[in-house]
Amino acid sequence: MQSRKSLKPEKTVQTVFSWDSPGLMAGVDEAGRGPLAGPVVAAAVILDPFNPIMGLADSKKLTALRREKLYDEIQAKALCCSIALATVEEIDSLNILQATMLAMKRAVEGLRLKPNKVLVDGNRLPTLKILAEAIVKGDALVPAISAASILAKVYRDRWCGDYHLQYPQYGFAGHKGYGTAEHLAALRQHGACPQHRKSFAPVAQVLR
C-alpha cells in the first residue's frame, strides 16, 4: 500500500498473509452509492480472531480521524483485505445497484485467501461462487463488515481528496461527491466533469 494518505483509484488493492486456513469468513461492504460523482468502492475483509481490532463500528458512526487510524490497523492486522471499485462509466452503463454488486464481487475475488462464507451488508447479494448471506445493518453487527465499511469509506474519501486537486471548483474534498447545495451550485456554474455520474438526475439536468 502507498504510504501517503491519498490514494489513486485502482481496480483492486489488497494486503495478505501467505497461508490459508479452513473456516474463513469475509465481511463485505461498500461506500459511495449515493454521490453524484466518483466510483463506488467495495471492500472485503477476513479478520484474524487471534489479533482483534478494538473499536470496529459502522464507518458512518466514526470520526474521520478514527476511521483513518482503523484503516491502517485493519490493513496491518487482518488476515486478508481487498478493495475494489466500479468506475463512473460502469455506474452509468449498468446502473448504481449493479455497479455496486460488481464492485463487491471484485473485492471478494481479490482476496488472496478464499473464504468459506461471505457476509454482505444490506439486503442484496452479488453473484458469487461462495456461500453468502446478506445482513441488514451488518456494518453495525458484524466486525468483519464494520472493517470492510471502514476500508471502503476511507479509500473513497481519499479518492475524493485526489480529485479535489484536479477539479477544485467542485469541492470534492468537502462533500465527497454528494449532492450538497455547494456541489449543485458548482454543477450549474461549471457543468459536469468526467467523474460525474451522467445517469444521475442532477448531473443529467446540467448536461441538457
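The backbone N, Cα and C atoms fix where each Cβ goes, glycine too.
Features of the protein shown, as given by Swiss-Prot:
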type	residues	note
DOMAIN	23-208	domain 'RNase H type-2'
BINDING	D29, E30, D121	divalent metal cation binding site
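Take the CB of D121 (divalent metal cation binding site) and look out to 10 A: across all protein chains shown you find 26 other CB atoms.
Long-range C-beta contacts of E30 (divalent metal cation binding site), restricted to its own chain and to partners at least six residues apart, with a cutoff below 8 Å, comprise V40, V41, A42, A43, T100, A103, M104, D121, A152. Highlighted in sequence order, V28, A31, A42, A43, M104, V120, G122, G138, D139, I145, A148, S149, A152 have their Cβ within 8 Å of the centre of the Cβ atoms of D29, E30, D121, the residues recorded for divalent metal cation, and are not part of that set. In this view, D29 (divalent metal cation binding site) is surrounded by 31 other Cβ atoms within 10 Å of its Cβ, with every protein chain counted.
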